[in-house]
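Remarks on the structure that follows.
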Amino acid sequence: MGNLDLLMHGFGVAITPMHLMLMVGGVLMGLVVGVLPGLGAPNGVSLLIPLTFALDPTSAIILLSSMYWGALFGGSTTSILFNIPGEPSSVATTFDGYPMARKGESTRALTLAFMSAGVGALIGVIVITLLAGWASNFALQFGAPEYFAVYFLAFAAFIGMGSASPAKTLVSLTTGLLLSTVGMDTVTGEIRLTFGLDQLLSGISFLVVVIGLFGIGELLSTVQEGLRFRGVGSKIDLRDVLRTIAELPRYWATTIRSGLIGIWMGITPGGPTAASFMSYGIARQASRKGEAFGTGRPEGIVAPETADHSAGSCAMLPMLALGVPSSATAAVMMGGLMIWGLTPGPMLFATKPDFVWGLIASMYVSNLIGVILVLATVPMFAALLRIPFAIIGPMIVVICFVGAYTVSSASFDLWLVLLFGLVGYLFTKLGYPLAPLVLAMVLGHKAENAFHQSMILSNGSLEIFFSNTLVTSIMLIALALLILPKTLQLGSRLRRKAPVE
Amino acid sequence: MTKIKTALLTAAAVMVAAPAMAEWAPNRPIEFVVASGAGGGTDNFARTIQSALTRNDIVDAPMVVLNKGGGSGAEAFLYARQNAGDPNKLIFGTNNVYLLPYVAKLAYTTEDLQPVATLALDEFLVWVKADSPYESITDLIDAAKEAPGTITFGGSQSKDTDETLVALIEQVSGADFKYVPFNGGGETGVQLAGGHIAANVNNPNENIGQWQAGAVRPLCVFSPERMAESEPIGDDMGWHDIPTCKEAGLDIESYQMPRTVWLPKDTDPEVVAFYEDAMKKVAETPEWQDYLTKTSQTGAVLLDEELASFIQTNEDNTVKVFQAEGWTAAE
């Protein structure tokens with residue numbers, strides 16, 4: 001009960017006119033930042049840090065975190081409308097969100113995304129409130145082998161039941177892994193695959209690739225298909241929003257499952273991007289009509305969005321309690337924390353209750369503000385699809401390039417966007433799935449590092465991945481997810497054949 | 001008539017030019033190029049200076065922080081090379097500026113940058129988990145001698161300051177540790193608190209939270225003298241109560257990491273003087289003092305010749321370790 005008292009105290013800190021203003025301002029700025037691909041939450045938050053020098057730490061973190069929530073909401077918008085993920089964590093939302101919007105149901109898709117995002121955030125904050133102490137102990141259990149097991153699970157969950165042919169999935173996956181190794185390797189300190197190009201020293205930015213693959217790639221396909229977005233003619237009606245909200249409780253199982261995945265990935269530094277992919281993959285496996293995913297299934301939107309936001313909120317916990325940020329944005333905020341003179345760590349909860357619980361209480365309030373604000377903008381965003389392609393097409397190109405440039409202010413990245421635009425177009429035309437490539441780019445390097453560290457620890461023995469209950473159970477779940485779906489398919493095919501003979 | 005005109009024009013030109021020659025001041029936004037990702041130690045260093053300069057009106061021009069942490073910071077130094085002569089770019093790093101070219105083949109050399117100042121020295125300590133059997137650094141070294149290559153030392157990055165220090169400990173003591181590189185000091189701290197590694201060589205700021213919570217404890221510090229007095233932090237000990245490694249029986253006089261500020265090469269001497277002056281003023285601000293206390297670093301303003309000789313010594317000592325380990329990049 002102690003935590004609830006503290007939370008009430010936190011509400012007292014968080015709900016002041018000044019703080020409410022900061023929340024609305026932060027969420028709005030975050031929305032803008034989130035909608036523009038490339039200018040993601042980490043950039044937005046780090047741009048804001050100098051402004052916070054004049055604020056006290058509690059107000060400062062409320063402003064920064066509100067911006068983060070806004071960006072998480074905003075990132076889904078362009079994913080759904082234009083197939084351009086505004087944030088890395090909303091890549092998985094494109095898989096079903098964009099097809100649904102193309103069917104003329106953009107209002108429904110946006111509402112589903114925003115509502116489940118809100119629910120996800122709520123689940124995350126409740127967990128933080130109740131389990132603040134326990135969760136940080138859980139995160140301490142994770143060493144290198146456990147991390148590898150988690151990443152392996154994310155891969156397994158996503159790939160186990162890919163609808164594309166296994167060979168094509170493998171090509172896409174290994175391309176992604178290859179791309180993720182460019183740059184300096186943490187474990188060996190070697191520079192790899194840069195071909196002497198200085199521009200490749202820091203690696204190939206995942207965001208730049210995604211903007212190219214999805215944004216430009218999709219645009220090329222659209223041009224080929226006759227210069228028209230198929231979303232044109234979608235009805236825009238506020239009643240649609242309400243109808244969709246009424247539809248939500250039907251997906252309760254997906255919501256709860258995705259919320260749990262998000263919590264887990266948020267607390268153990270897997271991050272929102274991994275959470276959304278994993279959740280999407282598991283939702284696809286759990287669904288009986290597995291094949292229909294990718295055609296605009298509501299669960300395909302609910303799952304990644306819920307997980308994304310619950311992971312995003314939960315990521316605050318290891319940042320505050322352990323000083324380990326589990327998302328890029330949390331890392332930037334942690335930098336802010338140190339500049340304001342706070343030391344993240346287990347003692348922060350004891351020494352600065354106003355700050356910690358003020359932040360937690362503000363997460364309830366600013367997410368509520370976020371949901372209301374974004375729902376109000378749904379008709380406006382959905383209307384964007386009515387603009388003729390001749391106008392919106394060039395605008396998307398501009399947004400893509402501006403977005404890619406802002407990632408690290410390098411003009412080299414613009415060439416990469418063009419190149420990957422072409423790659424995306426070819427992959428789509430030839431039936432290679434893009435998702436495994438993206439997943440491998442996000443998790444490839446982390447998984448490789450964790451694997452390499454584990455190998456150093458165990459002197460090269462794979463037994464380390466089955467050396468304690470925690471890591472063994474994660475590995476077993478992962479292996480099951482990887483093998484079972486195919487075996488079951490095979491089994492049912494055999495059984496169906498048996499009577500015929 | 002024309003003579004007078006010419007004379008007047010000359011006079012006017014001299015008057016306009018004179019102040020510019022005497023003193024340079026930035027007329028465009030200054031880029032703070034940080035050789036680490038957002039949230040890293042170098043990033044905090046740069047942002048603290050940004051805040052001290054802004055709040056105390058030391059520099060009028062706006063300042064923008066740009067993180068270029070790719071390739072262990074090499075990205076930032078390459079950027080300096082590409083912008084030679086640009087007075088509006090300050091580069092923030094550690095000793096990686098002059099050490100990186102030794103261990104990796106990179107397209108820049110230390111001569112591409114102009115040192116401006118060192119403002120602080122970050123300390124290194126040996127930390128173990130609170131319930132570990134090692135009570136002193138000699139315990140740890142003896143254990144490593146008994147079972148060579150089994151005791152794990154975590155650290156951030158590879159062939160960077162942490163691994164260099166572990167290698168130095170091995171060379172001095174004859175023990176053999178197993179070094180595991182992680183992404184950063186924070187991560188290494190948590191790995192230690194979780195008991196996944198036996199020890200680490202984190203900076204005070206990277207482990208203070210875990211020490212406060214009683215999850216880890218320090219064995220010794222690699223500085224010539226004990227650290228400054230402080231409030232008790234963990235186990236009723238403050239920073240001053242930690243023995244130096246030398247007094248604890250490990251013969252390493254000092255191992256510290258400078259926090260450094262650089263300009264691209266070929267800027268005017270006035271530009272360097274301007275920034276030297278600004279950094280001196282920063283060192284006197286309350287924000288800076290606060291930063292030193294909070295992060296338990298030692299303030300040390302080194303400029304000009306003092307700086308050059310510090311860099312020389314630090315470089316020579318470290319390269320000796322590199323050579324002994326065979327890390328120096330092939331020619």
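Here the Cβ of each residue, glycine as well, is placed from N, Cα and C on the backbone.
Per TrEMBL, the feature domain 'DUF112' maps to A:20-439. Feature annotation from TrEMBL assigns transmembrane segment to A:20-40, A:109-135, A:147-163, A:200-220, A:319-343, A:355-375, A:387-408, A:414-443, A:464-484.
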Checking distant contacts: for the transmembrane segment (A:414-443), what same-chain residues at least six beyond its ends satisfy Cβ-Cβ under 8 A?
88, 91-92, 95, 151, 154-155, 158-159, 162-165, 168-169, 171-177, 179-180, 204-206, 208-221, 273-274, 277, 400-401, 404-405
Using a Cβ-Cβ cut-off of under 8 Å, list the residues of the same chain that are 6+ residues beyond the ends of the transmembrane segment (A:20-40) and lie near it.
48, 59, 62-78, 84-88, 207-208, 210-211, 215, 328-329, 362, 365-366, 369-370, 373-374, 377, 399-400, 402-407
Spell out yes or no: are there three or more C-beta pairs under 8 angstroms between the transmembrane segment (A:387-408) and the transmembrane segment (A:200-220), with each pair 6 or more apart in sequence?
yes
Long-range neighbours of the transmembrane segment (A:319-343), counting only residues six or more past its ends (CB under 8 A):
40-42, 45-46, 49, 52-53, 57, 60-61, 64-65, 68, 71, 89, 132, 135-136, 139-140, 265-273, 311-312, 349, 352, 355-356, 359
For the transmembrane segment (A:200-220), give me same-chain residues lying six or more residues beyond its boundaries with a C-beta closer than 8 angstroms to one of its C-beta atoms, as numbers and ranges.
37-38, 40, 82-85, 88, 91, 94, 98, 179-180, 182-184, 191, 193-194, 393, 396-397, 399-400, 403-404, 407-408, 413, 416-425, 427-428, 434, 437-438, 441-442, 445
